[in-house]
Amino acid sequence: MTEHAIKYRLIKKEKHTGARLGEIITPHGTFPTPMFMPVGTQATVKTMSPEELKTLGSGIILSNTYHLWLRPGDELVAEAGGLHKFMNWDQPILTDSGGFQVYSLVQNKKNITEEGVKFKSHLDGRELFLNPEKAISIQNNLGSDIMMSFDECPPFYQPYDYVKASVERTSRWAERGLNAHRRPNDQGLFGIVQGAGFEDLRRQSASDLTSMDFAGYSIGGLAVGESHKEMNAVLDFTTPMLPEDKPRYLMGVGAPDSLIDGVIRGVDMFDCVLPTRIARNGTLMTHFGRVNIRNAKYEYDFTPLDPMCDCYTCTNYTRAYLRHLIKADETFGLRLCSYHNLHFLVNLMKDVRQAIMDDNLLEFREDFCERYGYNQPNAKDF
């Protein structure tokens, strides 16, 4: 077995679910799990400083390989001393492979071949090519603690035969990426399980990848349009296929109920742009549900956004002030709203970890969902 750059330590299993309390040890520090990871697509979490992210308890952040490859360029980042030094972040960083962005830009399935993928840049329209070796090379230059193998991410509702061929290609690409990885002593590489909603294909993908001894395993191809029930069903049969001594990462998931349901099914790590993206539109997560701060009813509301939240935003500013800032397109409003939403999800996971320790995660979920409004008719996803 390979001596990996990152290690997972299991602390406790919850008695009534598949939830796990643990920690992940990386070259840039250790963080507790389950953990939500804020997304810093272009080497910054939008509107947030590294110091603020540390204050709210973000033990690890995510950056995007595709975007950093195009701008400023992975070789420039390497010259700067790696992503940690470039962005002044001394804690763990995870980078994705760029695959998800690439497939959103592919104009024809014929451009996906065994060798790699041809697509056009979203910046200037020039033709680009990315393959498993290049994706690993870029991430080696970036110097992230946790890297992703290059995978094909087909939409959830593709025909069986297409998904089968895609899974088989992803497995071959994973092996190529593993062979191309030139910094295994200080960067851990994860394999990504695909297979859409097909249990046998998820099983095949998990079997292929676990035979290669990656540092950890990601569950991809979810949060791409399927229902919450379908996502949970895939997790029900996929997570048990993954090794218990390795981290499990559910990609692209950030809705509060989905985070809790993922933890119940044995997932350790999550990421999503959701909290910062919706914050910039004035949508906020609170202990009492979703708040659209633009609504007129908050114009004269001089109470805290969330009386159960102790974040900087909620302890210093009112709903009326936040509404004013967002309506006026003031940058400070974007910052305050982003800070709150990130604090909310990071602290939700802290509460989830305590519920695992106390063996009452199912009761915690029931209480949280009732207060948040998930049990109401036509409840919003987030």
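Easy rule for this one: first residue shown is 1, then count along the chain.
Backbone N, Cα and C atoms are what each Cβ position is placed from, and that goes for glycine too.
Annotation for Asp96 (active site, proton acceptor): spatial neighbours Leu62, Asn64, Thr65, Tyr66, Met148, Met251, criterion Cβ-Cβ under 8 Å with sequence separation of six or more. The active site, proton acceptor feature in Swiss-Prot is assigned to Asp96; the stated evidence is sequence analysis.
Residues or ranges marked as active site, nucleophile in Swiss-Prot: Asp271. Counting every protein chain shown, the number of other Cβ atoms lying within 10 Å of the Cβ of Asp271 (active site, nucleophile) is 22. In the three-state DSSP assignment, the secondary structure recorded for Asp271 (active site, nucleophile) is strand.
Counting every protein chain shown, 32 other Cβ atoms lie within 10 Å of the Cβ of Gly221 (substrate binding site). Taken from Swiss-Prot, the feature substrate binding site applies to Asp96, Ser97, Gly98, Gly99, Phe100, Asp151, Gln194, Gly221, supported by sequence analysis.
Annotation source Swiss-Prot lists Zn(2+) binding site at Cys309, Cys311, Cys314, His340, citing sequence analysis. Neighbour density for Cys314 (Zn(2+) binding site): within 10 A of its CB lie 24 other CB atoms from the protein chains shown. Annotation note: Cys314 (Zn(2+) binding site) sits in a helical segment as assigned by DSSP.
Tertiary proximity for the region 'RNA binding' (252-258) is limited to same-chain residues at least six positions away from its ends with a CB under 8 Å from its CB atoms, namely 36, 100, 222-224, 228, 231, 270-275, 285, 345, 348, 365, 368-369, 372, 374, 381-382. According to Swiss-Prot, the feature region 'RNA binding' maps to 252-258 (among others).
Mapped onto DSSP classes, the region 'RNA binding' (276-280) shows 4 helix, 0 strand, 1 coil. Taken from Swiss-Prot, the feature region 'RNA binding' covers 276-280 (among others).
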Quiz item: What are the helix, strand and coil residue counts for the region 'RNA binding' (252-258) according to DSSP?
Solution: 3 helix, 0 strand, 4 coil
Self-check item: Residues close to substrate site centre defined by Asp96, Ser97, Gly98, Gly99, Phe100, Asp151, Gln194, Gly221, Cβ within 8 Å
Solution: Val102, Tyr103, Met148, Phe150, Glu152, Cys153, Ile192, Gly220, Met251
Quiz prompt | Surrounding residues of the region 'RNA binding' (276-280) on its own chain - C-beta under 8 Å, 6+ positions past either end | solution = 38-39, 45-48, 334, 337-338, 340-342, 382
Practice problem: Can you figure out which of Cys309, Cys311, Cys314, His340 (the binding-site residues) comes closest in space to Gly99 (substrate binding site), comparing Cα atoms? | Solution: His340
Practice problem: Starting from the Zn(2+) site formed by Cys309, Cys311, Cys314, His340, give every other residue of that chain whose CB sits within 8 Å of the mean position of their CB atoms, in sequence order. | Solution: Pro304, Leu305, Asp306, Asp310, Tyr312, Thr313, Thr315, Tyr339, His343, Phe344
Practice problem: For the region 'RNA binding' (276-280), provide the mean pLDDT of the predicted model. | Solution: 98
Self-check item: Of the recorded positions listed as Asp271, Cys309, Cys311, Cys314, the one whose CA lies nearest the CA of Gly98 (substrate binding site)
Solution: Asp271
